[in-house]
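Annotation comment: Swiss-Prot describes Gly12, Pro13, Thr14, Ala15, Ala16, Gly17, Lys18, Thr19 as ATP binding site. According to Swiss-Prot, the substrate binding site annotation covers Thr14, Ala15, Ala16, Gly17, Lys18, Thr19, on the basis of sequence analysis. What Swiss-Prot records for 37-40, 161-165 is region 'Interaction with substrate tRNA'. Here Swiss-Prot flags Thr103, Arg125 as site 'Interaction with substrate tRNA', drawing on sequence analysis.
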Amino acid sequence: MSSLPPAIFLMGPTAAGKTDLAMALADALPCELISVDSALIYRGMDIGTAKPSRELLARYPHRLIDIRDPAESYSAAEFRADALAAMAEATARGRIPLLVGGTMLYYKALLEGLADMPGADPEVRAAIEAEALAEGWEALHRQLAEVDPESAARIHPNDPQRLMRALEVYRLGGVSMSDLRRRQSAEKADFDASGRNQLPYTVAQLAIAPEQRQVLHARIAQRFRQMLEQGFIAEVEALHARSDLHAGLPSIRAVGYRQVWDYLDGKLSYAEMTERGIIATRQLAKRQFTWLRSWSHLHWMDSLAGDNLPRALKYLKTVSILA
């Protein structure tokens, strides 16, 4: 058995059943749950993020939920620091850190560090180009000035290539290009010869998703409509009424929230908002699958299987996470 303490990663696309399995594991093992979700960090954003209810959170406390106001940003680097601290605290108490969520960049940050600039992402670039077409590059330059004033000062509004790259870097990691460059120098001593941090844990990586993609699509559509029935629009109305929030913030760009925000702005009909919200969620799931397909050492489980808990426990024993 490894001398390193154990940790469990439970990944998967949105609406796959990660939270239910995580809570079942928490009932069976001495675990502490740590959220790996870039939307669950925000207070007052409960329905549209499918945040566990207060009752469930009281029974199954999660670290890194409700730690930011929607007006604030939260980078992958900040997540890494917070998650490592939470994992260390759990280990010190003799418990197993169980990290659950679908923000794959956060998992990557934990396993590999954040020394490198993120690579180009065609979907993020397509989204930026669409915004530029609708709003103009000057509007995007103003957006960059809010999140990375140093880069905005260097980049002219009529330089779309560099402007797109700076926005892309921020959107992919939640940290500005300027900050990344500074951290590359400051954190260089913490990196090993391969250029990657080594996570000081023996990590078992579980992934859950329906075997059939159409099953996941149906679950996504059903859940989005349930969110609307549960008061999602009223939740976004409360955010929309705040003068310090706008559509360019990471919180409001979260899947579902941007579509309801546009509905409240009169840009979309109710039917269009519903359709686009479902489509955006499916696109998120597709991106998550793309990450997961490139992941190594994953143990996959079918969301619809009735024996995922015993299967997960059996796997954890085979990889020496459990005695």
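The first residue you see is number 1, and the count goes up from there.
Including glycine, each Cβ sits where the backbone N, Cα and C put it.
Shown on the structure are the features that Swiss-Prot records.
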residue	record	DSSP class
Gly12	ATP binding site	coil
Gly17	ATP binding site	coil
Thr103	site 'Interaction with substrate tRNA'	coil
Arg125	site 'Interaction with substrate tRNA'	helix
Expressed to the nearest Å, what is the distance separating Thr19 (ATP binding site) and Arg125 (site 'Interaction with substrate tRNA') at their Cα atoms? 31
Same-chain, non-site residues whose Cβ lies within 8 A of the Gly12, Pro13, Thr14, Ala15, Ala16, Gly17, Lys18, Thr19 Cβ center for ATP are Gly102, Ile208, Ala209, Ser303
Same chain, outside the region 'Interaction with substrate tRNA' (161-165) by at least 6, Cβ under 8 Å from its Cβ: which residues? 125, 128-129, 132, 137, 140-141, 144, 155, 177
What same-chain residues, at least 6 away in sequence, bring their CB to under 8 Å of the CB of Gly12 (ATP binding site)? Lys18, Gly102, Ala207, Ile208, Ala209, Gln288, Leu292, Ser303
Please report the number of other Cβ atoms within 10 Å of the Cβ of Arg125 (site 'Interaction with substrate tRNA'). 15
Going by DSSP assignments with H, G and I as helix and E and B as strand, what are the residue counts for the region 'Interaction with substrate tRNA' (161-165)? 5 helix, 0 strand, 0 coil
Helix, strand and coil counts within the region 'Interaction with substrate tRNA' (37-40) (DSSP): 0 helix, 0 strand, 4 coil
How far is it from Ala15 (ATP binding site) to Thr103 (site 'Interaction with substrate tRNA'), counting Cα to Cα, in Å? 13
Which residues of the same chain, at least 6 positions away in sequence, have a Cβ lying under 8 Å from the Cβ of Thr14 (ATP binding site)? Ala50, Gly102, Ile220, Val255, Thr281, Leu284, Ala285, Gln288
Using a 10 Å radius around its CB, how many other CB atoms surround Gly17 (ATP binding site)? 21
